[in-house]
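Student: After the structure tokens below, expect a handful of questions from me.
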Amino acid sequence: MLRLRRITSGATWIPQIDGLRFIAIIAVLLVHSFGEVSHQGLKPLALPSNAWWITRILQNGDRGVQLFFVISGYILARPFLRQHRLEGHKVKLSTYFLRRMTRLEPPYILSLLIYTAALCGVLHTPFHELLPHLLASMGYAHGLLYYTGSTINFVTWSLEIEIQFYILAPFLGNLYRVKHTALRRGILAALILFFCFVNSRGVPFAYYDLTPLYYMQYFLSGFLLTDLLEYPRHTSRQTWAWDLVSLVGWSAIFLLVHSRGTSACLPLLIIPVYLAAFYGKASNWFFRQPFVALTGGMCYSIYLMHMLIISASFRAIKYLRMPGNAATIATQMALLIAIAIAVSALYFVLIERPCMDPEWPRKLWRKLRRLEGKEIARSTAP
């Protein structure tokens with residue numbers, strides 16, 4: 001089990017955060033497996049009309065991306081809050097950006113190469129047609145250059161948004177310089193409400209939704225959560241009231257109809273349910289469960305690889321039929337999600353987890369030097 005736990009850059013592992021990642025990645029798996037089963041099988045499948053609420057939950061699984069944005073804001077904000085309010089170490093921007101390069105780029109780039117190989121080998125797409133899109137995706141610039149998601153792996157559009165916010169985060173971290181706690185949190189709340197309002201009204205700029213400004217309320221919600229949870233450090237008493245908040249909030253997040261206003265204002269629901277993960281008795285227990293937290297900790301690998309795995313796996317199971325559409329959909333989706341998690345776990349252990357060690361480039365270099373030394377010694381031996 002320890003081999004499946006993520007390696008954190010800080011001293012502590014926060015299982016609740018990985019538990020929240022679990023909800024986000026399961027939501028993404030649900031919406032994409034449902035889309036595959038419903039539209040790519042032997043014939044279109046649909047759930048009964050009286051199961052409309054299940055259909056809506058499945059279709060709203062794309063909100064898992066916004067859930068990830070809030071978590072990203074929380075994670076990126078922590079070192080800046082520690083620096084400005086908790087007398088922590090100063091954030092060195094060189095280390096900050098190098099950590100991004102060594103931690104996230106190798107799994108990301110390798111996944112793009114795997115997808116490209118699959119497109120060439122299975123779908124027989126000419127490599128010269130894919131190469132410009134591959135290079136744009138590697139540079140997190142596909143949306144900016146082509147105004148659409150990557151043709152290599154379309155879900156990486158959200159990672160392009162995140163890298164842009166990653167660049168903005170050190171600037172936003174200066175908000176923690178405000179010493180007065182109520183004022184600082186008030187500024188963050190006001191900014192969140194401002195972007196909720198602006199983005200709910202619509203901005204008359206082309207491709208505005210491919211910029212971090214369209215999702216700024218989510219990232220700023222993560223900044224506010226960091227302030228609420230980390231400063232001042234205290235252990236709040238867990239209550240059942242927070243579990244009620246969790247139940248109502250999660251239901252609303254996945255049952256509210258799609259609209260520009262709903263999408264823009266979801267942070268107003270996400271903030272309380274994330275707090276409930278720490279302060280609710282049942283919620284805290286659930287999000288700390290090993291399977292939940294460990295699966296959530298592998299979310300990056302799952303997110304990178306799940307579309308390829310689901311598409312490939314469905315070729316084998318689309319002939320599996322059960323009595324009734326609902327049973328067929330449920331069975332096929334369960335198999336697709338289980339396979340996606342299992343294969344992604346292997347990718348996590350072999351590729352992503354080693355890159356979580358900040359020292360891995362230095363360790364790899366030393367290992368290569370030792371191997372080179374042994375090879376030289378062997379070649380010069382009498």
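Each Cβ is built from the backbone N, Cα and C atoms, and glycine gets one as well.
Any TrEMBL annotation is an automated prediction that lacks curation.
What TrEMBL records for 15-346 is domain 'Acyltransferase 3'. Residues or ranges marked as transmembrane segment in TrEMBL: 108-127, 154-175, 187-207, 264-280, 292-317, 329-350.
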Student: Report the mean pLDDT of the predicted model across the domain 'Acyltransferase 3' (15-346), rounded to a whole number.
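Tutor: Averaged over the domain 'Acyltransferase 3' (15-346), per-residue pLDDT gives 92.
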Student: Can we call the transmembrane segment (264-280) and the transmembrane segment (292-317) in contact, meaning three or more C-beta pairs below 8 angstroms at a sequence separation of 6+?
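Tutor: The answer is no, given that the two segments have fewer than 3 Cβ pairs within the 8 Å cut-off.
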Student: By a Cβ-Cβ criterion of under 8 Å, what residues six or more beyond either terminus of the transmembrane segment (292-317) are in contact with it?
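Tutor: Beyond its ends, the transmembrane segment (292-317) has Cβ neighbours at 1, 4-6, 15-26, 28-29, 32-33, 36-37, 40-41, 68, 104, 107-108, 111, 114-115, 118, 153-156, 286, 332, 335-336, 339-341, 343-345, 347-348, 351-352.
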Student: List, by number or range, the same-chain residues at least 6 past the transmembrane segment (108-127) whose CB is under 8 A from its CB atoms?
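Tutor: Apart from its flanks, the transmembrane segment (108-127) reaches 134, 137-138, 152-153, 156, 159, 304-305, 308, 312, 347, 351.
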